[in-house]
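Chemist: So that we are looking at the same thing, I have put the structure below in structure tokens.
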Amino acid sequence: MSTTQTDVDKRDSDKSFRKLLGENPRPAAVWLGVLALLLALEIGRVFAGIDTLFAVIGFVVDLFAATPAAIGGNVAGTLGPAAGAVATVVFGFALAFAVSIPVSEYVPDATVDVLGLELSRRGHRWAKRVELASALVAVAALIAYTPVGGAFSAAIAAITGSVDALSSALPSLTSRELISNTGHRTPDGGWDDTFLGLSPAVAWAIRTGLVFAYATALLAWVWRGYETYRTHYRGADWTPTDDTVRRFRSNYWGLFGFAIVFIFVVLALWAPAVSPVEAEHNIYEPNANGFEYLDENGEVQEVNHVFANLDSRSDGQNTVGLLSYDDYDRWAPLGTTNRGQDMMTHLSYGARTSLTIGMTAIGLGAFVAVVLSLLSAYYKGITDIATVMTSDTIQAVPALLLIMLVSVVFQEADHPIAQPLDGGLLLALIFAFTLWPGMWRAIRGPSLQVSEQEWVDAAKSYGQTPLRTMQKHMAPYIAGYILIYASLLIGGVIISTAALTFLGLGINPPTPEWGRLIDGGRTYVATSSWHVATVPGIAIVLVVVAFNALGDAIRDAIDPEADVDEAEAATAGGGA
Amino acid sequence: MSRWEYFVKRLLLTVPVLFLVLSFLFVMLRMGPIDPVAAILGPQATGGDAQAIRERLGLDEPLWQQYVDFITSFLTFDFGQSWVVQAGRPIIEIVVGAAPATLWLGFWAILLPLFIGIPLGFYAGLNPNSLGDYTASFGGILWQALPNFWLSVLALATLRQTRNGGGPFGFDWYAFGPDFLSRDISITGTPDFDWFSTMDLLFFPVPYVSDWTALAIDVKLILPPALILGSASMAAELRIGRTAMLETVNANFVETARAKGLTSRVIVWKHIFRNALIPLLPVITSEAFLLIGGSVIVEQIFNINGLGRIFFQSVTQGDLPMAGALLFIFTLIILFLNILQDFLYTIIDPRVGYDQ
């Protein structure tokens with residue numbers, strides 16, 4: 001497993017990346033210029049993405065900031081207010097200390113020398129961390145308990161507010177304002193308010209086509225960037241990654257998987273552009289939003305989405321099927337749901353939900369697994385045994401049932417963590433909690449092997465800190481394994497999420513989720529409204545097959561001899 | 001370390017695991033965000049009733065006392081009474097009543113994939129890169145990705161469609177085998193085990209089948225959900241069976257056997273088949289894992305009053321002691337199966353060691 005070695009130690013090769021870039025900046029400049037042009041075409045969406053990112057960061061920071069006080073409150077409830085205050089401070093400091101460990105390496109040594117203490121190298125390191133943690137706590141206390149906090153949050157609000165304003169003001173190539181498919185018929189048979197007077201179906205097709213063309217162009221350009229880097233700016237002529245890429249490119253089954261996954265991701269990222277009606281109008285607030293249509297008497301009328309949806313239900317009696325218009329001339333490429341909402345909108349926003357949950361769960365789980373595997377392989381002994389015991393415990397409980405129980409416990413209590421995505425974040429966290437033991441077990445062998453290598457000993461004796469040793473000399477060798485497992489497990493997460501929502505447990509309405517669509521259509525499978533349960537089901541199967549194919553292909557590409565336990569990965573769905 | 005030492009070590013490791021699971025349940029149920037009094041009486045409950053419940057559940061005792069009580073009661077299978085689902089009934093009674101349906105479902109869900117998945121996988125492995133191999137492998141990949149809940153919905157709709165000869169070629173699931181229409185029973189529901197009787201033979205109760213038609217009805221009831229529940233494991237067995245077969249066929253000892261002039265029948269059955277079964281063992285035991293998770297979904301859709309459905313009801317209705325008890329029982333089953341798997345491995349494959 002010497003795959004990610006590529007970028008390792010470019011410094012050791014004859015010429016560094018920076019030097020090569022200085023000597024021959026032209027290809028990089030051309031590439032960056034075209035990339036900027038591509039991004040400028042969709043600048044509105046780029047800012048919308050940054051806006052979302054800010055919201056996520058804000059939420060995470062808020063959550064962490066609230067934990068010390070929450071834990072203190074819990075302790076105060078049982079042991080009295082003084083103990084509560086102590087618990088708040090202790091936990092807050094512990095949190096700050098945990099944050100300071102990876103950061104402290106980048107803080108100059110001078111900060112400790114100021115203290116004027118005689119310290120060993122190790123003591124020096126710890127002193128630096130304690131100092132950093134104290135500084136963090138001081139800043140946090142300043143923000144939380146003094147007027148500085150008001151100014152600080154005002155500044156943050158100003159920044160996010162301006163990004164928010166920019167995201168709605170800036171244009172996008174694929175925006176629905178530019179290529180509009182919402183309009184109404186005119187009495188003479190044409191269309192009003194739509195793009196170039198085309199029918200909504202054609203306008204929607206053009207917009208969707210444009211989205212996929214743009215996404216493909218972006219992907220091709222990113223690939224081009226890698227090739228540019230390889231030919232002009234990489235010190236080495238050949239690295240093992242070249243072989244990995246070559247093997248992957250000749251694996252057609254894997255490429256098929258990649259293509260489907262690509263479509264799925266584009267669907268999720270460009271959900272607002274791909275959906276024929278605005279989700280905000282059609283799904284979230286149908287009461288507050290109306291549109292115009294041409295009624296039977298040849299007059300243009302205004303109607304609320306909520307009434308129009310009532311008449312457009314696909315519930316066995318009425319059906320708005322695939323590739324058809326409903327009675328209000330709204331184009332429904334995949335028909336409507338049993339509640340009259342647009343299926344394509346549900347599908348694309350549902351893809352967003354699934355992707356968010358899948359990535360969060362797998363990302364967090366993989367992070368925990370990698371950190372613990374490095375720690376347990378480096379320190380062995382008690383760390384290893386404790387991790388074995390914890391992971392055995394989690395694996396002994398049936399995952400799907402545990403997820404059901406925990407998600408209900410938190411949702412019943414209306415815990416703040418159950419708010420984002422109507423329970424989606426909670427679900428992702430529980431998935432991460434149940435998935436890391438499997439991933440940890442899978443990479444435990446490789447990490448133990450790496451920790452026995454001479455170069456790790458060499459790094460230790462050279463005075464390298466444990467953190468650095470793990471980061472630079474161990475982590476790259478297990479990265480490939482974790483990548484394989486992540487792609488094999490994500491399909492299971494998607495299936496389980498859909499299954500829980502199908503049962504009414506996972507994600508609550510109105511957040512769109514594929515499982516709820518299947519639940520809505522389950523009684524109409526044998527009627528004319530068969531599409532309600534079938535379309536999302538096929539989507540799930542396709543995406544899961546694609547992720548499995550991708551995982552297999554990555555495994556074969558990284559290391560054809562890799563011994564990856566398929567049975568382990570197969571249990572990911574937990575029988576859902 | 002010898003293999004038996006390894007086995008004993010694994011056995012000892014289950015004790016702390018059991019305690020950790022119990023502690024986790026305690027934290028979740030007693031210290032978690034849900035207030036037990038509110039769960040029983042509703043959120044507005046105050047005053048005497050609430051105090052009575054608090055006393056009955058022992059919520060006023062110190063936390064360590066609650067913890068000790070919790071652990072001892074769970075370890076002695078004294079789970080107390082259900083709060084909501086079947087309020088007031090002892091949980092252990094409800095569990096014993098629901099277990100047969102789930103066992104019946106699980107039995108068929110393990111048996112069917114075994115007799116479909118493994119032969120298909122071995123066939124594919126013996127004829128690699130043939131049309132049959134591609135079909136089987138592709139089928140396995142697809143089968144593994146099919147969500148159980150979606151399959152169940154589709155299967156039920158299709159079976160309902162065949163009523164009165166509405167299926168292809170006039171197929172009628174209702175009339176197939178024991179007739180359901182004339183008996184006026186639904187194609188979904190809980191098997192009633194009317195066929196199961198015991199007779200005393202030398203003072204020992206010996207089970208026997210008293211009513212073959214009732215048995216056929218129960219089998220027919222359970223067949224579609226069992227096939228769906230076993231689908232993922234079937235696919236896993238197929239894929240791993242294929243790989244195992246391919247690896248064994250190319251092993252040196254097979255070449256030796258061929259060189260000795262053994263007939264291909266002996267080679268396949270005696271040398272290849274047995275060795276290819278070894279990697280399948282963990283798949284079969286991990287099936288239990290899938291079955292327990294999947295049983296909740298399949299039982300819910302197919303209206304089977306088994307453990308999975310009761311778990312689902314207790315979770316959705318906030319019956320925490322029942323959900324906790326069921327989770328604990330399922331965990332016990334899984335721990336037992338893990339030990340069984342290690343034991344079987346120790347016997348079958350002497351190569352397993354702690355060093356791996």
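Including glycine, each Cβ sits where the backbone N, Cα and C put it.
Reproduced below are the annotations present in TrEMBL:
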TRANSMEM  A:28-47  transmembrane segment
TRANSMEM  A:54-76  transmembrane segment
TRANSMEM  A:82-101  transmembrane segment
TRANSMEM  A:132-159  transmembrane segment
TRANSMEM  A:201-223  transmembrane segment
TRANSMEM  A:252-271  transmembrane segment
DOMAIN    A:351-551  domain 'ABC transmembrane type-1'
TRANSMEM  A:357-379  transmembrane segment
TRANSMEM  A:391-411  transmembrane segment
TRANSMEM  A:423-443  transmembrane segment
TRANSMEM  A:478-508  transmembrane segment
TRANSMEM  A:528-550  transmembrane segment
Chemist: Can the transmembrane segment (A:391-411) be said to touch the transmembrane segment (A:357-379) if we require at least 3 CB pairs below 8 Å and skip pairs under 6 apart in sequence?
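Modeler: Answer no, regions not in contact.
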Chemist: Could you tell me what the rest of the chain brings near the transmembrane segment (A:423-443), counting residues at least six beyond its ends with Cβ under 8 Å?
Modeler: 353, 356-357, 360-366, 368-370, 372-373, 387, 390-392, 394-395, 399, 402-403, 406-407, 410-411, 415, 417, 478, 481-482, 485-486, 489, 493, 496-497, 500, 506-508, 511, 564-565, 568, 571-572
Chemist: Counting Cβ pairs under 8 Å that sit 6 or more residues apart, are there three or more between the transmembrane segment (A:252-271) and the transmembrane segment (A:357-379)?
Modeler: no
Chemist: Which one, A:28-47, A:132-159, A:357-379, A:528-550, has the most C-beta pairs under 8 Å toward the transmembrane segment (A:478-508)?
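Modeler: Going through each listed stretch, the top one turns out to be A:357-379.
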Chemist: Counting only residues 6+ away from its ends, which parts of the chain sit with a Cβ under 8 Å from the transmembrane segment (A:132-159)?
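Modeler: The answer is 54, 58, 65, 92-93, 96-97, 99-100, 103-104, 107.
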